C-alpha cells in the first residue's frame, strides 16, 4: 500500500480548502480602521457658552457634575421595569484595546480607577487600574466566586475613599442563567443578593457620587445569549445619585438608550474629554442642573454642541484615512452640522444681548437641541451601516479557491478510480508549482521590505498548485482517453447502461445540490434541523426505488433457478427493507433531541438537553439516570459482541485486554460522574467537598482511560489471535475436527491463510516436510475492529462532554450509522457492483447527511447562543490557565457528530468486505469436508484488500476525495450565500453564523477524516509486519 502519497495528497487538498476559507474570512468578517488619535483637555473644540468663564478645577470641556462614580455591571441583568439600553455589539477578544477609550481618558486625567470582578478586563485594559481585584470568570458553573470576591472588597474600598471611579462586574446572574435558566430558584437567590448589595451600596455613597447599574446583555428563556433577539440585546440601566439629577422632575423615559451613549455622558459628567472615536450621543437629561427650564436647556445645548463638535472631528479624521463612509452622506452630515453650529452661534449672541423673551428662547433652544440630536443620530447610523467593510476581491478569491478545490476533488476521485498510481504524479507537479510561487512571493516581500502576509502567500501558493494539477491533468487527458478506449468492457457499454449509471449518480447528486441551493434561503437554514433528516430519508428511499427500477428486487427467472435461489434472494430483500424501516425509526426518534432558534417562537427546546441536576423530581431523575447508564452499558455490550463475533477478542494483547476490562471501567467512571454531578447541588458540608473532588476526578479518569486505549490502538492495532499447530504432510489447512461448535467458528474464526503463505506452505509439502499451519482469528475484520474500538472510545469522551440524557441521542447515532453501513452493503450486493474497491456517491452523501442530522440531534444549532459552554469545565473545577483546552472541549462538544462520522468514514469501504457472504450459505452440492474448508478460505473478507495494495490505496484516496468534495460543496454553498447576501437583513443573524459553523465543521471533519484514514494505514502497516514475522517462523 502506498501510504504516504495518499495521506500527502489528502493533506494537500485540505490545505487548498483551508486557504480558501481563510481568504474568504479575511474579506467577509467586518473590520474598522482604528485611529491612533486621542482627546485631551487642550483640544480647541468649542469655547464655553458661558462668557469667558474658566472651568472649575478637575473639569475638561464642560463643568463636571460628580467627582466620583460607581459603575456596577450585573452580567445578563434583564430589563424588568428599568429603562433598557440596546447592546449594539459584543467583544469577546482578550487583546488590549489600543484605541482611545473612557478608561484611558480617566487615567490620563489623573483619576484613580479601581476594578473588581471579571478578569476579562485585565486583558482588555492592562495597567489601567489604580487597584484591581480580578477573579476567574470563564467557569459558567461557578455562581459565587466572582460575586463573593467583589462583596469582600466592595464596601471597604468605597469607605476608604481612595478611588475616583469604581467598577464592579458581577457574573453570578449570568452564570446562573447558563446553568439553571432564568426561572430557577437559584436565579431568585442571585437577584435577591444583587438587590441587597445595591441597597447596602447606596448607604455607603457620598453626595458627590454617581451610581450607574447596568447589564451588558440579557438572556433567552433558556438562559443563553449571543444572538440578537430582543431578550438578548436588551438589558437594564439604572442611574442614581443622592444629589437630585433633574432640576424640574424626571424626564420621560426613552424607549431605548444605545450603549454607546454611556461613554460621552459619563465622560462629561466626570469632567474628562470624550474619547476621540466616540459616535455616541450624550444623555442630556443628566445635565439639566437645578435651575429653571431655560437654564437647563442651555446646559443641555452646551453638551450637545461639544458632543457634535467631537463627532464631526472624528468623521473628518476618519474620512481622510478610510474610504468606507459614503461621500454623499458625509456631505449631508456636514451640512446638518454647519447649519446647527451657525444657528447655535446666532442664538448665543441673542441670549447675550437679551433680545429674546423666555417663551421664544425656550422654543428656539428646543429646536436647536433637536437639530443636534438629528445630526448625532444620523452620524451614528451612517457609521454603523458603513462599517460593514467587506473586501470583495478577497471574498471572490476565497470563493474561487473553494470552488476549484471541489472540482479538483471530483476530477482526482475519477482519476483514482481509473488509475491506481496517478495520484503520485498528480501530486508532485502541483506541489512544485505551489512551492515556487510561495518562494517567489516571499522573496518579493523581503526585497520590498513589506510585512509577509502568510494568508496571501498561502492563497497564491494554493492557486498555483491547483493550476499545476489541472495543467498536468489536461496534458494527460488524450493519453487517458486512449487508455480508456482500449478497454473492451468500457467500450462495449451501451446507451441504456450509461443512462442507468447517470441516473445512479443523479439521485444522490440531486439531493446534494438541492441542499446546497437551499442554503440561500434563510428559512431553510432556520429549519435545517428538520430538513436534513428528511433529505437523508429521501435519499435512502430513492436508493430502494432505484434498485426496484433496475429489477434488482425481483426474484430470478426460471423455475429451477427460482426453486434454488428464491428463499435466499427474498431474504436479502426483506433484510434490506427491515434495515430501511429501522433507519427511518432512528431518524424519527432523533428529532426529540432538538435545540430551538429564536426565529421559531412556538418551538420549545427538548427536555433531554438539560442536565439531570435540573430535575426536581427525584424519582424521574433516578429513572433517567438508570436508563442512561443501561444504554451506555448496552453500547459496550454491543461493541464487544461484534468484536467477539468476528474473532477480535481472542488474543491476550494489551488492546484486547483493554476492550475486555477497560471499556466497563470507563462506563463505571462515567456513571459515577453522572451520579455526583446530578446531586452536587444537594450535598452539604464535608460531603460537598467530597463531591467537588469527585466531579473533577471521574472525568479525568475517563480522559486517562480513553487516552490509554487510543495509545494502545496506535502502538499495536492488531486484534488477531494466531495459533500455530503441527500436522503431517499432505494437508494445507487445519485438520477437520468434526462439526464446528458454533456458526462463528464455522464462518469467521477459521484458518485464514494468506495466499502467498499458502504457496510457500504447498512448496514445503511437496518436499515431504512437516509445516506449521496458522489459525488466524479476527484477521478478516482487523481494519474495521480498530475503527470500531476508536469510535467507541471517542463516543465515551463525547458523551462525557454532553448532558446525561443526550447519551440516548448518541446511542441513536451509533445505531443509525450501523444501519447505513448495512444498507450500503446490501444495496451494493443487490446491485451487483463490479467495483468492490469503490464507494458509491449515495453512501458518502447519506453518511454526511447523517452527520448533519446528528449535529442538530445532539442539541446544537449554528448560532452562538446554542453553544454548550459547560463542556469546557467537565473535569475542571477552577478556571483554565489557557484558552486552548476549553476551546478543544467546547469544539468537541459542538462537532461531536462530525468527529464520529469523519473518523468512521473508512468503514464505508471496509464494511462490504466484512459482511462478505460466504459461499457455504449458497445452495450447492455437498462436498467433502476438506473441499468445504478450502472453499471457505477463499472468502478472506478484509484480506481481499491486501490482494491489491495499489487498489486499496486508490480506494482510500477516492473515498477521502469524495468525502471532501461533498463537504466542500456544502461549504461552497454557504460561502456563496454569505457573499451574495452580505447586505441581506438576516446576514448576521442567519447566513454569517451558518458560514462560520460550516467552516469550522469542515476543518474538524477534514482533520478527523485524515485521522481515520491514517488509522487504517497504521493497521495495514501492523498487518504487514505480522505477516513478515509469520513467514520467518
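Using the three backbone atoms N, Cα and C, a Cβ is placed for every residue, glycine included.
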What range among 763-781, 839-857, 858-876 does TrEMBL record as transmembrane segment?
839-857
For the annotation transmembrane segment in TrEMBL, which listed range does it cover: 427-447, 490-510, 511-531?
427-447
Which one of 349-369, 370-390, 454-474 shows up in TrEMBL as transmembrane segment?
454-474
Labelled transmembrane segment by TrEMBL, one stretch among 602-622, 623-643, 728-748, 917-937. Can you tell me which?
623-643
Scan 540-564, 690-714 against TrEMBL and say which stretch is down as transmembrane segment.
690-714
Beyond the flanks of the transmembrane segment (961-981) by at least 6 residues, Cβ under 8 Å:
10, 13-14, 17, 20-21, 24, 28, 395-396, 398-399, 402-403, 405-406, 409-410, 412-413, 416, 512, 515-517, 519-520, 839, 841, 844-845, 847-848, 902, 905, 987, 991-992, 994-995, 998-999, 1001-1002, 1005-1006, 1009
Taking the transmembrane segment (655-678) as reference, which of 6-30, 573-594, 623-643 has the most Cβ pairs under 8 angstroms?
623-643
Near the transmembrane segment (808-827), which residues from the same chain, at least 6 beyond its ends, have a CB less than 8 A from one of its CBs?
540, 543-544, 547, 572, 575-576, 579-580, 582-583, 586-587, 589-590, 593, 608, 627-628, 631, 634-635, 791, 795, 798-799, 802, 839-840, 842-843, 846-847, 850, 854, 857-859, 896-897, 900-901, 904, 907-908, 911-912, 915
Taking contact to mean three or more C-beta pairs under 8 angstroms, with sequence separation of 6 or more, is the transmembrane segment (573-594) in contact with the transmembrane segment (839-857)?
yes
